[in-house]
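Here is the structure we will look at.
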Amino acid sequence: MGTRKKVQAFVRVRPTDDFAHEMIKYGEDNKSIDIHLKKDTRRGVVNNQQTDWSFKLDGVLHNASQDLVYETVAKDAVSQALDGYNGTIMCYGQTGAGKTYTMTGATENYKHRGILPRALQQVFRMIEERPTHAITVRVSYLEIYNENLFDLLSTLPYVGPSVTPMTIVENPQGIFIKGLSVHLTSQEEDAFSLLFEGETNRIIASHTMNKNSSRSHCIFTIYMEAHSRTLSDEKYITSKINLVDLAGSERLSKTGSEGRVLKEATYINKSLSFLEQAIIALGDQNRDHVPFRQSKLTHALKDSLGGNCNMVLVTNIYGEAAQLDETLSSLRFASRMKLVTTEPAINEKYDAERMVKNLEKELALLKQELAIHDSLSNRTLVNYDPMDEIQIAEINSQVRRYLEGTLDEIDIINLRQIQEVFNQFRVVLSQQEQEVESALRRKYTLIDKNDFAAISAVQKVGLMDIEGNLVGEPDGQSFGLGVAPFSVKPGKKPKTKKTPKDQFSSSARKEGASSPVSGKDFDVASISKTQLIPSSKDGDLKDMLARERETSSIEPLISDSPKEELRAPRPSTPPSRTVAFEEFKNERGSEINRIFKENKSILNERKKRASETTQRINAIKQEIDETKDALNFQKSLREKQGEYENKGLMIIDEEEFLLILKLKDLKKQYRNEYQELRDLRAEIQYCQRLVDQCRHRLLMEFDIWYNESFMIPEDVQVALKLGSSIRPGMVPISRIVCLGEDDQDRFSHLQQTVLPEGLDSITFYNAKVKTDQKVTLDIHVCEGGGPEDFVIRILRTTNSIR
């Protein structure tokens with residue numbers, strides 16, 4: 001474990017023209033700040049009001065540039081992070097005091113960038129200076145808004161919103177946020193892009209004290225993992241840097257917040273109050289319990305507040321007399337934070353894969369040492385490698401000869417041979433048991449005494465007497481040995497009932513033997529993804545679905561990857577698409593066209609059958625109606641003539657009974673025909689989909705062939721084929737441009753030579769430009785509407801509201 005150290009606390013004063021020189025004074029060492037208040041004369045002569053305060057800090061930053069702030073506050077913590085120490089840098093203070101400016105800075109100006117982008121730059125600069133280590137960097141961006149967790153990088157296209165709410169989870173390794181996306185960054189520009197992406201998603205609002213007030217706490221985390229390239233040690237180090245931008249504390253009497261902003265201020269002040277309670281508990285050595293779980297903020301920062309990390313606090317304050325009460329409150333928080341101690345320690349972990357390799361290497365060295373020892377002891381025949389099949393067979397032969405008595409003793413050389421000898425004893429014993437059992441089964445009929453069904457069958461054929469005694473003598477192992485009856489003829493296999501699976505396989509073999517499909521047709525059917533095979537049973541779609549699943553993983557037709565062939569000279573003027581399409585169907589696309597026609601014929605046949613079935617259903621329905629009318633007439637006639645009953649049962653005449661039976665049969669026939677119609681409709685829908693796929697495939701292949709044959713120049717096709725798996729004809733004609741330097745290349749070259757901040761700012765500005773390009777505005781005009789029907793959808797703005 002590392003040594004315990006105090007949390008570093010710095011104060012940064014916001015520049016102002018109305019600085020209270022009489023009330024705020026700095027120490028000569030620039031590490032203390034004194035506050036003086038005039039007594040309130042309205043309290044009378046006896047006034048015990050405190051008027052002077054003095055705060056000892058690690059540094060006071062007044063009128064300090066962003067460069068000086070980073071050098072003083074964050075540079076050491078970031079550099080130690082690459083050595084395996086965790087770090088946390090937190091900005092705290094009143095709303096509008098400059099926390100976000102200190103942490104993030106102004107993204108429009110490279111010189112005014114804050115701690116966060118400078119830390120990313122330092123990390124990647126130090127990685128370049130350490131070529132002996134393979135260091136991976138990952139980042140995440142968490143927002144805590146109204147005690148809810150949000151991922152500020154979830155708007156990326158490859159992340160997407162989380163279905164389940166994010167939660168804070170504790171494990172032996174520390175605190176992590178379940179559901180928070182972590183992104184691998186291999187370049188400085190990618191890290192800046194992720195930073196700016198998250199900044200555009202932060203929630204801000206405006207009030208009287210701050211035009212762009214952050215309404216949430218944000219934690220940007222940099223994860224690092226370093227493996228040595230030179231040493232074979234399985235140990236590697238991990239670390240993380242938490243860069244925390246807290247929302248500002250507010251006094252509602254000064255900000256004038258109301259509505260949603262008032263609700264947000266309530267949550268902010270509540271979470272900051274819980275944070276201060278946790279800091280007070282950490283600073284008190286007599287406290288056993290620290291209330292980390294009171295808020296999401298303190299719970300997420302549990303391993304940062306008083307954990308194994310280098311903790312740095314930047315307290316942002318106003319220098320104006322009107323804000324002196326909030327300034328005192330912020331300074332008290334900073335002095336309490338200085339009482340907290342942390343215990344930084346290097347985070348070492350072990351690489352399992354490298355550990356296995358080292359153990360294998362060590363095992364080889366030990367084998368070599370053991371071989372040297374055996375050679376010095378005249379034991380040159382000893383081998384410690386695993387035995388091969390020849391050696392195992394030799395040991396098996398020795399064991400068998402030993403059991404037969406032809407071998408007096410087995411030579412033992414090493415422990416591995418002893419284990420294999422015992423193993424071969426087990427193998428030989430098992431083989432002998434199987435041989436004995438098979439010999440008994442060939443000579444006798446073995447019956448289990450506990451199998452009562454077998455015993456009754458034996459009694460019927462006369463192999464067992466009435467008292468239950470077998471003809472032979474029992475062997476004492478729950479089996480009886482008896483003489484087989486003379487009715488059993490050796491060599492004749494009894495007939496067994498075929499299972500449904502056997503019946504299916506035999507019928508399949510018969511169908512396969514009589515199938516008229518040739519081998520060539522079968523190959524085409526297996527290659528094609530959209531060809532239909534007529535079902536052997538009407539209305540059964542299972543064969544079609546199975547064939548579609550089988551062919552879904554097979555490559556498309558041979559036309560997808562055409563072989564190089566001799567082509568006719570290209571005409572100077574391309575033919576019309578109609579003429580070219582007919583040529584394509586007869587030559588290059590003949591196979592697809594054939595499959596398309598076959599599928600279409602099958603579809604038409606299914607539609608014809610469905611039409612015939614519909615006509616039969618209508619005829620049956622008409623006959624059912626006529627039968628119902630006749631039956632109702634018979635019932636009314638019977639009621640007029642008088643009804644007869646026998647033992648409570650109605651007596652009807654033969655004609656009415658026949659009508660009832662006829663109606664029952666017609667309904668059954670109607671249900672069968674209707675079920676067949678439903679199956680046919682499902683087949684038609686499936687066939688229609690495959691026909692559409694064939695048509696789309698045919699047109700797509702024609703477009704590719706037409707572009708390659710007549711539209712795209714041959715030299716451009718050669719350039720597109722090099723190092724690419726995409727066929728040249730698949731590239732739209734409008735997208736094929738000159739291969740020389742374009743406007744974007746010229747702009748990048750000009751940007752590198754004109755930027756006033758030099759080459760170091762290129763990645764910063766490139767990431768900023770990419771982020772700004774993603775901010776789009778879609779204006780949808782309702783058809784036939786007026787100006788009030790304009791709907792503006794802002795996909796991504798800096799003032800997004802959840």
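Note that Cβ sites are derived from N, Cα and C of the backbone, with glycine treated the same way.
When the ranges 265-292, 349-376, 713-740 are checked against TrEMBL, the one recorded as coiled coil is 349-376. The Cβ of Gln94 (ATP binding site) lies under 8 Å from the Cβ of Gly248, Ser249, Glu250, Asn316, Ile317, Tyr318, Gln323, Glu326, Thr327, Ser329, Ser330, each of these being in the same chain and 6 or more residues away along the sequence. Among the listed binding-site residues, namely Gly93, Gly96, Gly98, the Cβ with the most fellow Cβ atoms inside 10 Å is that of Gly93. On the 0 to 100 pLDDT scale, the domain 'Kinesin motor' (6-340) averages 86 in the predicted structure. Counting Cβ atoms from all protein chains shown, Thr95 (ATP binding site) has 23 others lying within 10 Å of its own Cβ.
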